[in-house]
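A quick write-up on the structure given underneath.
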């Protein structure tokens, strides 16, 4: 043959993909490959060219070449196949290699499916993967199929495939996480670990202390999936003691701490992970959200700049861009959030960011859809918070109450879930006594939860108990130097015409956080008050009662 196939294989093995691609064009157009009498040469040549395109990330061209190869493969007389050697996509022996076959048809289909996945064409990818017989699938094929079933919401099929992966290799951590999120218990997952050698030669799983960490990891992921964040964090912390400076564990802990509001701890773990590996992108959008909450815009700017230099095509980068642009241009920020979802339709922070932006932009109905999408992927407190606040903005009190009770039942040990129910009751005058009980329950469960303390203080103010509000906030200020506490105290003092005290607390808030917009606006209002001008006219609250006797009974039991 004029162009030797083994030279293209050599170029691919050495990572010289562009050179291999150019040589591949000569290979498929050579007279020997074109001749209809030798379709096996054309088949092999097209697979090699497809490999070149795949490695160069030209996935459309790869799919086209692979599919052409399969067409020519069908034209090869079966009696001719037995005289030829096998050519597989990875140039190595494979359990799927058919001795005597020109190519490995199943691996070509796997490459086609992988290309479709990179193009976010999951339905087409699933069709290709389902064309591979069960017995012919290797571990990588099963893992991709499990992901595709999960994306397609075929949960039962996904669980079966992931379990098969774990039976073959218990150390596939992404399969463990997926099974936990799909509802499997830690006991179920650990029972899949190989116990004795089998026909495939798999070694039995080592259940001694040296491998106990994997079982702990399974338990931690199952805790996370069942919203037992406290238990999960404790298990991750134990694992981190055994594997110090483990960036995966640091990121997992930081993500959970961000979700449950332990912002300082989350920031510390994110920064520690970045100090170990400055090129990490995973969960960096969560870190960006925390930096914005802290109004640390210099760090946020640097983070986004770093991420763009590492890989500008990742969904985390677009969420981080969305966070950065939120205060400058909400429409552009929304476009970035939507782009993150287009890149990965299962990227939860993208939906959370989109929902919050739509709520701010007074597009509450669209915000509901975004938060629902996040919740369907994996319900956590943020999606519940988004739904409740959006329903309240739409004056859909019953829907808000239902969503908050869902959160409370899903996370009975979550102070944030209790506060959500309180927020709904506080939205109408007849439910304020109930709201007070929920806020107090949240503070008993988590004394350091400032969100509940601020909400309770606001309730005191609404009902004219300004003294109680001041006492509560000052008690918290002794232990937590937080700008939001100073702002709330300033607002209470301003409402009771104690203007100097209000001024002092607004200034204290701005010393702690120079970017606190509420403190800036409060100072402007205070100037008007000092000039004897009423900053705004009082508004009468409209009662929006909700009668739900069964719900009340459920709440009493949960409280």
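Backbone N, Cα and C atoms are what each Cβ position is placed from, and that goes for glycine too.
Looking at 482-520, 521-559, the range annotated in TrEMBL as region 'Disordered' turns out to be 521-559.
According to DSSP, the repeat 'TPR' (43-76) comprises 30 helix, 0 strand, 4 coil. Remark: secondary structure over the repeat 'TPR' (483-516) totals 27 helix, 0 strand, 7 coil, with classes taken from DSSP. If you average pLDDT over the repeat 'TPR' (43-76) in this model, you get 88.
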